[in-house]
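Reading through the C-alpha cells given below for one structure.
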Amino acid sequence: METLFNGTLALAGRDQETTGFAWWAGNARLINLSGKLLGAHVAHAGLIVFWAGAMNLFEVAHFVPEKPMYEQGLILLPHLATLGWGVGPGGEVIDTFPYFVSGVLHLISSAVLGFGGIYHSLLGPETLEESFPFFGYVWKDRNKMTTILGIHLILLGIGAFLLVLKALYFGGVYDTWAPGGGDVRKITNLTLSPSVIFGYLLKSPFGGEGWIVSVDDLEDIIGGHVWLGSICIFGGIWHILTKPFAWARRALVWSGEAYLSYSLAALSIFGFTACCFVWFNNTAYPSEFYGPTGPEASQAQAFTFLVRDQRLGANVGSAQGPTGLGKYLMRSPTGEVIFGGETMRFWDLRAPWLEPLRGPNGLDLSRLKKDIQPWQERRSAEYMTHAPLGSLNSVGGVATEINAVNYVSPRSWLATSHFVLGFFLFVGHLWHAGRARAAAAGFEKGIDRDLEPVLFMTPLN
C-alpha cells in the first residue's frame, strides 16, 4: 500500500522508501520485523500498566473514606473493592493500604515492561526467527499462528482461574447480596451445572431475560469463570498440539493484518458486552461502589416516597395515581405487584435492598407495611439522588432536578467509554478486514491516484 506523504522522518533506516509506510503508519513498518514489533507491544503494555498504577495511586491520594466511591469519580478503586480488598460490611472501606499496594505493584511492573520495550525497540535483534526460533514467526505459518493462539488462550484461562482462587481461598470477594446490605465472603458452593452456566448464553438479550448480563449471584459468576478458564486452557492446549484443518486454511485469511482484524472484532464484542454489563448488572458491579443502575435509582425513588407517604398515613395499597393506575403499587402484565408510576417500566429490577420485601407474587404489602429496615430506607434515598445520568461537562443528575448535585456516575463513564471504544474497534475491524481480504485477493493497491476525481476539478478560487 503506497502512502503519499512526507518520508523525511526516518528511524534506523526504516523510512518510507524501504518499508512502503510513512512514519505515521506506526507499527505497519514493523510487520515483518518480529523483534521490533515485540518491542512495540511490550512498550505499549508498559504504558497501559503505567497508567493503571499511576491512576490507582491518584485515586488513593484523592480518596475520602467518608464519601461513597461513586461520588468521587473513581473507576479503579471500585474494581479493587469488588474483589474484596479493603472493604467490610455494607461496602464500607476499612483499609486503603491494599489499594496503595496495587498501585505500587503496577508502577514497578510498568518499569520492567518499559525497559523491555525500549530494549527490544532499539537494541534487541530486528527479527527473532534466527536466534530465538521459539519466539520467532512468519505470519503465513498457520501452525505457528495457532500455537501462539493456544498460548494466549492458556494465559486467559489462568486469568479466569485467578479470580476463582481469590473468591474461594484468598479472602473471598464482595457480595452485594450478603444479608444486611453486602459483605466480603468466600464463595463455597460454586455453580458448575452446565445447564445453568450455558443457559445464560442461550437467553434472549431483551428485558426480563438479559442474556449473560442477567447473572445475579456470585456462585454463578465464579462457576462461570471455572468453566471459561477450563475451556480456554483446554482449547489452548488443543490449538498448540494441532494444525488448522483444511476448511479453516481455506476459509480464513492468514496474514498479520487479518489477525489484527480478528482481534479487533473480538475486542469490539468485549467492549459492547462490558458496556451492557456495567450499565445493568449490580452483582458483578455492586452499586455500593459504582452507584445504582438507572432502573435501580428509579425504583429507589418510588420506594423512598412510598416510605414517606406511608408514614404520613397514605394507604399505599389502594391509593390511586393521576392516571387511574395505582399511585405507589400496581400489577405488572404478568400479575406481580410492582411499584407504580413512571418506574413501572423498570419492574424487572432486582436489588439487594429491595428483594427482602418481595413475596411469591411480587412486592408483599404486609412486608412493605411492617418490615422495612432503616438501612433499606437510607440506601434507597442515597440511590435515588445518584442516578447514573450526566453529561460530558460533569453536570450530573436529572436535568430537571433543582436540587441536583454535581455528580456523574462511574457507571455512566464506564458504560459510555466502553460503548465508544467498542464502536471504534468495530470500525477498525472492518477497515483492517477489508484491507487484509483485498491484499489476499491481490488488489491492495487501492484507488489509482492518477484517476483521482479531485485532480480533474477546477480550483476553488
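These residue numbers are counts, starting from 1, taken along the chain as shown.
Cβ from N, Cα, C; glycine included.
Quick caveat, the model's predicted, so the values are computed rather than measured.
As recorded in Swiss-Prot:
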{"type": "MOD_RES", "residues": "Thr3", "note": "phosphothreonine"}
{"type": "MOD_RES", "residues": "Thr3", "note": "N-acetylthreonine"}
{"type": "TRANSMEM", "residues": "57-81", "note": "transmembrane segment"}
{"type": "TRANSMEM", "residues": "122-143", "note": "transmembrane segment"}
{"type": "TRANSMEM", "residues": "166-188", "note": "transmembrane segment"}
{"type": "TRANSMEM", "residues": "243-263", "note": "transmembrane segment"}
{"type": "TRANSMEM", "residues": "279-300", "note": "transmembrane segment"}
{"type": "BINDING", "residues": "Glu355", "note": "[CaMn4O5] cluster binding site"}
{"type": "TRANSMEM", "residues": "435-459", "note": "transmembrane segment"}
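Under the criterion of 3 or more C-beta pairs below 8 Å, with sequence separation of 6 or more, the transmembrane segment (243-263) and the transmembrane segment (122-143) qualify as touching.
Listed stretches 57-81, 122-143, 166-188 were compared with the transmembrane segment (279-300); the greatest number of C-beta pairs under 8 angstroms is found for 57-81. DSSP assigns Glu355 ([CaMn4O5] cluster binding site) to a helical segment in the three-state reduction.
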